[in-house]
Ligand code: 0CM
Ligand code: SF4
């Protein structure tokens, strides 16, 4: 069996930054670190941080006053930030800068009273955080849509000239483009980002899966069940017609899946550490697979710096 590795795969710049913020904070503060929501959507990363004493909470009210709180890579609403300030928490903001960019745009639209449509998955923390940048007291509103069908349910004037849209960062590129096309058809005056707000890491990983699908008869996606970007990779793999399975780690692989497979492709979501990819390769080699081959793709040079006061000469060795 040939093993083909997608490129790029795994950790993106936003995830690396979020983990470094927490690892550095643990070393600097030597105090309990509370994280609002899972820092990134990966069970291996979460377990590792939990072992180091990190406490994950869903509500700010569960954190004692004057503690240290980290906002997850997915970002938080304005209200959540206000609650943290009220409790005199020390806030370490691990929101990905690309999510923050969308926050700023939504906040600006709210200030200008521009009716806004947000394309994203209901209930996802990034969506809650981004929608929560829009002031609810406005006379204008922010509307969440998940599909083309949702467009028809919108109670917005067709000829509204003060209307714009934004998107979640980890959506399917193709599906989002079809939603935007339908939006523009219904609301000819709508404005929005030149492309969409889908991030570079999501885009590159989706393109890499499509490339992989052309040369493999099975694709394994390493990523947790609540990881939106990982789920999109699995969805895209399936859409290409290639047998695709999403796994948390090598322990989830069923031998019957790979019995007659000749070319297996492996990729990993933006929150899945390379360590998990290595474990899968080792497992496949133990049952006879050949040495893995890297499939060439665009090099990702983007780095997001962490706040200067948190800078320590640390690296992500334990996740590689
Ligand atoms: O947004 P998603 O569910 O894909 O989150 P993740 O933690 O799996 O990936 C990194 C991010 C962000 C924002
Ligand atoms: Fe940022 Fe994209 Fe990574 Fe999310 S997937 S943390 S938006 S770079």
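Each position is counted from 1, following the chain as shown.
Each residue, glycine too, has its Cβ placed from N, Cα and C.
Among the candidates 41, 103, the residue that TrEMBL names alongside 74, 124, 227, 228, 229, 271 for the dimethylallyl diphosphate site is 41. Its own atom aside, the Cβ of residue 229 ((2E)-4-hydroxy-3-methylbut-2-enyl diphosphate binding site) has 25 Cβ atoms within 10 angstroms in the protein chains shown. Following the DSSP three-state reduction, the secondary structure of residue 41 ((2E)-4-hydroxy-3-methylbut-2-enyl diphosphate binding site) is coil. Closest in space to residue 228 ((2E)-4-hydroxy-3-methylbut-2-enyl diphosphate binding site), of the recorded positions given as 12, 96, 126, 199, is 126, taking the CA atom of each residue. The full span of the recorded (2E)-4-hydroxy-3-methylbut-2-enyl diphosphate binding residues, 41, 74, 124, 169, 227, 228, 229, 271, taken as their largest Cα to Cα distance, is 15 Å.
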